[in-house]
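So that you can see what the record holds, here are the features copied from Swiss-Prot:
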- 201: active site (ACT_SITE)
- 239: active site (ACT_SITE)
- 313: active site (ACT_SITE)
- 316: active site (ACT_SITE)
- 339: active site (ACT_SITE)
- 349: active site, O-(3'-phospho-DNA)-tyrosine intermediate (ACT_SITE)
- 61-143: domain 'Core-binding (CB)' (DOMAIN)
- 164-362: domain 'Tyr recombinase' (DOMAIN)
């Protein structure tokens with residue numbers, strides 16, 4: 001009961017208005033009335049005023065304000081690169097379109113019209129889906145803050161995606177690529193070899209320090225990633241909790257890493273840079289390396305050959321293709337790549353596995 005009789009004969013109203021977003025404590029009021037009838041009327045009046053005030057606040061929230069609320073929470077709860085990505089998508093594709101919109105009047109129709117607008121600009125289905133996801137998250141914030149009762153993006157289907165043919169290098173192609181790199185470019189030989197033989201993500205590789213190499217167990221301790229944001233080198237946790245893992249390496253790869261470490265120490269001595277176990281493995285100057293130089297060099301080293309260049313991330317695909325060719329199972333590959341589930345591994349790489357039907361048919365041939 002929200003109304004109870006006190007010992008002095010009066011009636012107390014106990015009305016709750018939810019929880020304080022800062023302290024987490026319940027927001028409540030307990031006024032007193034002379035009679036039960038007055039108490040019930042007071043309770044109804046307080047609840048009505050609360051609903052009217054909440055509705056007034058909802059109507060006063062503009063779309064730019066809603067964006068600010070979403071980005072503020074995103075900056076606190078997300079990794080820096082994700083926050084920057086959301087900020088970019090919203091500023092480039094969303095904010096101007098809904099600038100003067102009354103968020104209380106945005107319906108499913110307005111959302112699908114916006115999606116149609118995006119498609120007409122020539123964006124790929126994947127890009128449109130990403131933008132729509134960001135828009136939906138903005139409205140999720142409105143629902144969470146009780147500005148809206150429901151998300152107008154609900155039940156808007158994602159556009160179908162056409163799976164592009166995955167590009168990767170086979171071992172003989174990778175060997176040819178490595179042979180194209182001059183002998184004095186040991187940094188690049190080492191970087192691309194580590195990428196091909198471990199399948200690490202680029203951010204994970206650039207965040208590696210010498211202390212992350214276990215020479216006894218022949219393992220790399222992968223527990224961080226990195227990126228450059230607004231000119232600052234930012235180290236973060238890996239993509240998912242499953243990305244924190246230990247990746248086994250072969251002896252030849254360890255020897256290559258040790259050769260590069262010696263060369264790096266000599267380079268640092270010449271430049272007057274301190275070298276230690278905290279030094280980033282693929283660093284070659286007084287600041288950690290950026291991804292773009294390793295991306296550009298792939299095309300540069302391939303330019304005078306008939307070898308088709310691949311993207312930096314395709315080294316990860318190449319590693320998986322190598323493991324599948326060697327007969328490794330999904331579970332092993334999932335753990336090595338740091339995927340959150342086997343389903344992810346199958347969805348991304350399942351088509352690379354050999355067709356078992358052909359193998360079965362060949363066995364039946366042998367019976368006749």
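The backbone N, Cα and C atoms fix where each Cβ goes, and this holds for glycine too.
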**Item:** Cα proximity to residue 313 (active site), best match among active-site residues 201, 239, 339, 349
**Value:** 201
**Asked** For residue 239 (active site), which of these active-site residues sit within 10 Å, Cα to Cα: 316, 339, 349?
**Response** 339
**Asked** Which residues of the same chain, at least 6 positions away in sequence, have a Cβ lying under 8 Å from the Cβ of residue 349 (active site, O-(3'-phospho-DNA)-tyrosine intermediate)?
**Response** 166, 317, 320, 324, 333
**Complete:** Close in space but at least six residues away in sequence, with Cβ under 8 Å from that of residue 201 (active site), the same-chain residues are 225, 238, 239, 243, 313, 316, 338
**Request:** Take the domain 'Core-binding (CB)' (61-143) and count its residues per DSSP category (helix H/G/I, strand E/B, coil), listing them in that order.
**Result:** 65 helix, 0 strand, 18 coil
**Complete:** DSSP says residue 349 (active site, O-(3'-phospho-DNA)-tyrosine intermediate), in three-state terms, is helix
**Asked** If you count other Cβ atoms within 10 Å of each one's Cβ, which of the active-site residues 239, 339 has the most?
**Response** 339
**Message:** These are the active-site residues: 313, 316. Which one scores highest on other Cβ atoms within 10 Å?
**Reply:** 316
